[in-house]
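Asks: Pasting a structure below so you can have a look.
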Amino acid sequence: MVTNFRLIFLSEGTRKVISLGTIPLATIEKFNKIVVKVQSNNRYVDKTPAQRLLQVIGKDMRILVFSFRPRTKQRRLVFDALLRCTKPTRLWDLYAFASGPSRFKNTTPLVRLLDEYCRLLCLGSYHASIDIIENGSFTWSNELWRISSVNSSYTMCQSYPFALVVPKIISDEEVLQASSFRARSRLPVVSWCHPLTGAVVARSSQPLVGIMMNMRSNMDEKLVAGLCSKLDSGSRRKLYIVDARPRKNALANGAMGGGSESSSNYFQSEVVFLGIDNIHAMRDSFVRLREYMDTHGRASSDGMSSFLRQGGSTWGGGNLSSMSASVSTLGDIGWLLHVQNVLAGAAWIAARVAIENSSVLVHCSDGWDRTSQLVSLANLLLDPYYRTFTGFQALVEKDWLAFGHPFSDRVGMPSVSGTGNMPFELSRQPSTGNFAPSPVHQSAGTFSSQPPASSHSHNNNNYSPIFLQWVDCVSQLLRMYPFAFQFSAAFLVDFIDCMLSCRFGNFLCNSEKERQKCNVFEACGCLWVYLADLRTSEGGSHVHYNPFYDPLKHNGALLPPAAALAPTLWPQFHLRWACPEEAQAGEIEAQCRKIVMKCSEMQKAKEMAERKVKEVTNSMESLNAELRREKQINSSAMNMAKSVSKENMAIKRAIQSMGCKVHVSGSGECTVDIESNPDILCCSSRKETNSNVRDDKTDPPISVQVTADDDDGNSGIVRVCETLCPFGSGGGGCRWPNGGCAQLGSQYVGLKANFDAFDQLSINDSYFKSE
């Protein structure tokens with residue numbers, strides 16, 4: 001099936017999507033019709049109908065061949081559908097505009113670019129917004145650098161961002177004058193600056209020195225000199241001018257008005273050529289790599305296993321020399337050599353900034369291909385922030401999108417500059433140029449590939465996998481430094497797949513100006529929001545997270561030695577279609593991720609158990625505290641009971657010493673009988689309460705019955721009172737209420753005459769002597 005987004009291949013039995021045969025339409029580089037006839041050794045003509053095939057070549061290393069039932073129009077229908085949908089002539093016909101932003105709405109990258117500038121210049125107190133951008137009040141600065149709004153309307157340079165970081169000593173008028181000396185007005189500006197040393201990584205396009213290499217610009221030389229701030233010692237730092245091209249290419253560009261700088265015209269500078277080839281060499285090497293993987297993969301697009309090549313019973317025709325020749329062909333392809341050159345150049349730039357504290361100005365011809373590769377890789381090596389998810393997004397948006405890498409031209413999609421720049425090409429081409437160069441299988445019947453009936457491919461000579469090559473370089477660094485990156489190789493694969501599919505609007509058009517003009521940010525979805533949503537769904541266990549990431553292990557610059565820069569195939573990307581088993585190089589990573597997940601689950605279980613232990617401990621402490629309080633209350637009650645018992649025993653002994661009989665009832669009442677007096681004396685005991693002990697109960701009353709022996713009713717009372725009272729005089733007789741007993745509140749409080757009762761009688765322990 002062909003939809004407006006992808007070509008889908010379903011299993012006839014299960015109706016499940018087969019990933020190998022399902023490819024986004026924008027990822028298709030070209031497709032061809034092929035007719036294959038079966039030739040027999042017999043003299044009789046074989047009546048078997050020819051096989052009608054459709055070859056689809058993808059930008060993601062895929063070469064697919066679909067076979068259709070004979071005498072049907074299926075191939076024609078699919079071919080016509082691909083013809084209509086694969087290469088639209090208008091930008092608005094892309095799937096990104098048809099699908100809309102959905103829930104992956106994009107916030108403006110202009111705000112994020114200004115925030116990244118503030119981070120680089122250590123301007124933490126400033127925060128960008130749409131209002132600040134619209135009124136142009138974002139011209140902030142520090143001691144050395146400032147954010148200029150000279151290109152806010154894209155009139156100075158259409159492929160540069162609206163905001164630029166330039167030396168503070170250079171005015172906007174001087175910036176405008178200097179831009180005329182650089183190709184496409186892409187003047188030298190700051191891409192990254194060291195927060196401590198002040199060294200910078202700057203970028204530009206080639207200078208317009210002419211065929212004689214003798215043209216000069218005072219403003220350009222002043223601007224370049226402004227990139228070299230003074231060192232702490234007071235001397236001016238050295239400047240390296242890095243030309244990414246081979247020297248001969250730079251000289252050849254002089255014939256068209258370009259060229260390279262002369263170190264004699266730029267103070268304390270040194271010009272270095274890195275010898276990185278142009279976009280055409282990169283494209284050719286990628287095509288050769290793709291064909292190599294298809295030819296020597298486990299299962300090629302022609303259906304033949306590489307183990308059976310050249311009629312041999314083992315891989316490579318059954319001899320080691322053929323196998324070695326096939327392996328050596330990988331080096332001759334050139335892709336890995338180009339990757340190594342880009343890595344070595346970026347490492348050299350990073351070392352100059354980190355070790356020598358020098359500033360580096362990087363350019364190629366136009367300053368948007370090799371320059372973007374080198375500058376962004378050098379920034380990735382220098383700044384640990386760019387090795388996180390958020391930092392990686394900021395790096396791509398700054399050095400690739402904002403600074404005008406022509407994604408539409410390099411990916412092969414329509415751009416705003418014209419609608420007829422990508423016409424369809426239907427022509428007859430030899431099969432060797434379109435079908436995988438697989439050897440012919442010699443047997444009783446032979447297959448011969450006929451020229452394709454028709455083919456469709458773009459003739460845009462600007463197509464080149466420059467950005468894909470840069471992501472390949474990032475994967476090489478991830479392989480060398482597995483602890484330094486927050487993201488994994490699986491994240492890079494999904495990231496590059498989204499970019500090639502044109503599902504989102506982030507990488508449409510050729511510049512920031514074009515994306516603003518087409519309103520891409522509001523009309524299309526955002527790739528970064530989509531990838532972040534994937535990670536949020538599973539948290540830290542998602543495959544995009546690198547389980548080995550340790551930010552403390554590599555919290556500074558990464559400076560790989562030259563010997564460590566030997567690249568290898570990126571298995572997760574290069575081998576996933578031709579050698580799917582070998583592409584599982586991340587199997588160890590997957591196992592580690594499982595272990596990390598188990599450790600995380602165990603850690604959560606441990607934390608939960610610790611919380612429960614803490615809760616139980618707190619409960620036990622609370623119970624222990626309550627138990628201690630109960631013990632204190634019990635101890636106080638026991639002490640009080642002992643005190644009351646002691647007091648009662650003292651009273652009992654005192655009364656019994658007078659010859660009275662004491663009766664204690666079950667209700668706690670005490671009765672004292674005095675035979676000599678029939679009158680009744682009632683008194684109640686009151687003890688002094690302890691302020692520290694709360695006792696709401698009242699003391700039990702003590703009633704004393706006095707029975708008189710004679711007619712003198714007062715003689716018994718007087719005898720009892722004189723016996724009990726310590727204040728009695730030697731001559732006898734009670735002097736109450738003038739006696740001392742009536743004056744003490746802690747002793748006798750009151751005694752009714754007539755022998756009624758003691759109202760409240762309180763006797764201290766010290767009142768009576770112990771036995």
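Sequential numbering from 1, following the chain as shown.
Even glycines carry a Cβ here, placed using N, Cα and C.
Sharing the record's features from TrEMBL:
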DOMAIN    126-574  domain 'Myotubularin phosphatase'
BINDING   ASN278, ILE279, CYS364, SER365, ASP366, GLY367, TRP368, ASP369, ARG370  substrate binding site
ACT_SITE  CYS364  active site, phosphocysteine intermediate
COILED    599-633  coiled coil
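Would you situate these features in the structure and describe their surroundings?
Replies: Mean pLDDT, taken over the domain 'Myotubularin phosphatase' (126-574), works out to 86 on the 0 to 100 scale.
With a 10 A radius on its CB, CYS364 (substrate binding site) counts 28 other CB atoms from all the protein chains.
Nonlocal intrachain contacts for the coiled coil (599-633), taken as residues 6+ away from its ends with a CB within less than 8 angstroms of a stretch CB, comprise 540-541.
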Asks: Largest pairwise Cα distance, Å, within the listed substrate binders ASN278, ILE279, CYS364, SER365, ASP366, GLY367, TRP368, ASP369, ARG370?
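Replies: Greatest Cα-Cα span of the listed binding residues: 12 Å.
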Asks: Neighbourhood of the substrate site (ASN278, ILE279, CYS364, SER365, ASP366, GLY367, TRP368, ASP369, ARG370): other residues with Cβ within 8 Å of the Cβ centroid, in order?
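Replies: Apart from the listed residues, the neighbours are ALA244, THR371.
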Asks: If you draw a 10 Å sphere on the Cβ of ARG370 (substrate binding site), how many other Cβ atoms land inside?
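Replies: Step by step: centre on the Cβ of ARG370 (substrate binding site), count other Cβ atoms within 10 Å, giving 29.
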Asks: Taking the Cβ of ASP366 (substrate binding site) as the centre, how many other Cβ atoms fall within a 10 Å radius?
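Replies: Around the Cβ of ASP366 (substrate binding site), 19 other Cβ atoms lie within 10 Å.
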Asks: What same-chain residues, at least 6 away in sequence, bring their CB to under 8 Å of the CB of ASN278 (substrate binding site)?
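Replies: Within the chain, ASN278 (substrate binding site) has Cβ neighbours under 8 Å at ARG245, ASN249, SER365, ASP369, ARG370.
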